[in-house]
Amino acid sequence: MGSEADVTSPAVARHVAAMERVRVFPLTCVVQNYAWGKVGEDSEVARLVVDGDPLTVIEDGKPYAELWMGAHPKGDAQIKDNRVAQTTLGQWIASFPACLGSKVKDKFQGRLPFLFKVLSVNTALSIQAHPNRELAARLHAQFPQHYPDDNHKPEMAIALTHFQGLCGFRPVDQILGFLHSVPEFRALVGNEAAEELQCSVEDAVHTRLVLKNCFTRMMNCEKKVFVDQLNMLVKRVTEEGAAAKDTSSSNGDLLLRLHSQYPGDIGCFSIFFLNHIMLEPGQAMFLGANEPHAYIYGDCIECMACSDNTVRAGLTPKYIDVNTLCEMLNYSPAPAASKIFLGVPDGADPCVTVYDPPVPDFSVLRIQIPPSLPQYTISPVDSASILLVTEGHATATCATGLSEIMLRRGTVLFVSANESISLEEVSPVGVTMFRACCLL
């Protein structure tokens, strides 16, 4: 009886109404110190965190791999606003789901549908792919300890620095070239499968089936066989390099780099099947369901559906599921250039570049405000969004804010749906921001 009275009391009602008017607020976000991350102040993640909060202490020998900006249970951001009692973004959204926007709230059952990240990659991440929704549900039901939810996990990486990765199967002529010039690779695939691939090039459907057979044969090789072949290959490439010979026909530089990080790992041979992608800052890769990929080196913005489902098969000490990976992959060969995803200028705002992948869960906007603009308005969208400042500083105000918010490099803001933000006092270098949202 008493609790019912509390819920309906004027004081509680006023408090709830006041909280609902809090529409824009800064976040303190979770850092993940995975071993593959760049170390100390070499990491863009670490530099962003300390620029956003100068009291943060960065440890010299520690890896700073990922900054998670969102409401994922493994890294739920803290709200940093003195109008709000200590709470996480996930708790806030659960209490005030209208902040998502009505379309997003209805489509994604009152949850923020994306996780926004910064990655600083020093050593390669695993050869992996992410399941579609149907496979995710099946894997989660069968192996919940390895596949913790039933959601798909499309993701997009936007380069902040020169960024290297592997993505998608190479054109068949390139794979055949390696089968010809790298006998150790051919030994794992087998002569018969290699010749069948050679004969399949005129028939796209047959090519995919044969490519699947070739890749699966390699991935299922006995450990002693592939370790012996890998050691022979590394020895040969090392000797050729020492003799100043060109090792590009064996993809020598990348091979030695990956082998130094993951010696004796079957994933080192995946470089002969998968495209080696080099992104310039501002270029992106979109990784849809079943697309084989691995990040190798560099700093990037990443946005993904809010899931933790990854099927791995090499370059990792984590759980490996070779059979599921080989069965699920998209075996359509395509050139590396086709894997580069470009942002599109926003016709309504020359400061905005839109990265809008073919999934409903997320889009990313890059906002570049030149110093010549003394004032700028961040336009409202019908979705909650998360905003990260990567360069410059400015003073921000919004209609529902009681005070100004100082934006500087490393600032992360949560912006409720249909909320605009006015910027003034833009720094001499201008301001660059990335904004994750859901453009349904």
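A Cβ is built for glycine as well, from the same backbone N, Cα and C atoms used for every other residue.
Those TrEMBL annotations? Automatic predictions, nothing curated.
Features reported for this protein in TrEMBL:
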- 24-172: domain 'Phosphomannose isomerase type I catalytic' (DOMAIN)
- Gln128, His130, Glu155, His293: Zn(2+) binding site (BINDING)
- 188-274: domain 'Phosphomannose isomerase type I helical insertion' (DOMAIN)
- Arg312: active site (ACT_SITE)
- 355-395: domain 'Phosphomannose isomerase type I C-terminal' (DOMAIN)
Considering Cα atoms only, can you say which of Gln128, His130, Glu155 is the nearest neighbour of Arg312 (active site) among these binding-site residues?
Gln128
Which sequence-distant residues neighbour the domain 'Phosphomannose isomerase type I C-terminal' (355-395)? Criterion: at least 6 residues beyond either end, Cβ under 8 Å.
27, 48, 52, 69-70, 93, 99-104, 107-108, 112-114, 116, 118, 154, 156, 158, 160, 282, 284, 286, 288, 301, 303-306, 341, 343-344, 346, 348-349, 404-440
Zn(2+) site, defined by Gln128, His130, Glu155, His293: further same-chain residues with Cβ within 8 Å of the Cβ centre:
Ala129, Lys153, Leu287, Glu291, Thr310
Under 8 Å between C-beta atoms and at least six apart in sequence, can you list the same-chain neighbours of His130 (Zn(2+) binding site), or say none if there are none?
His152, Lys153, Pro154, Glu155, Leu287, Ala289, Asn290, Glu291, Ser307, Asn309, Thr310, Val311
Arg312 (active site), number of other Cβ atoms within 10 Å:
22
Tell me, roughly as an integer, the mean pLDDT over the domain 'Phosphomannose isomerase type I C-terminal' (355-395).
96
For the binding-site residues Gln128, His293, work out the Cβ neighbour count at 10 Å and name the residue with the minimum.
His293
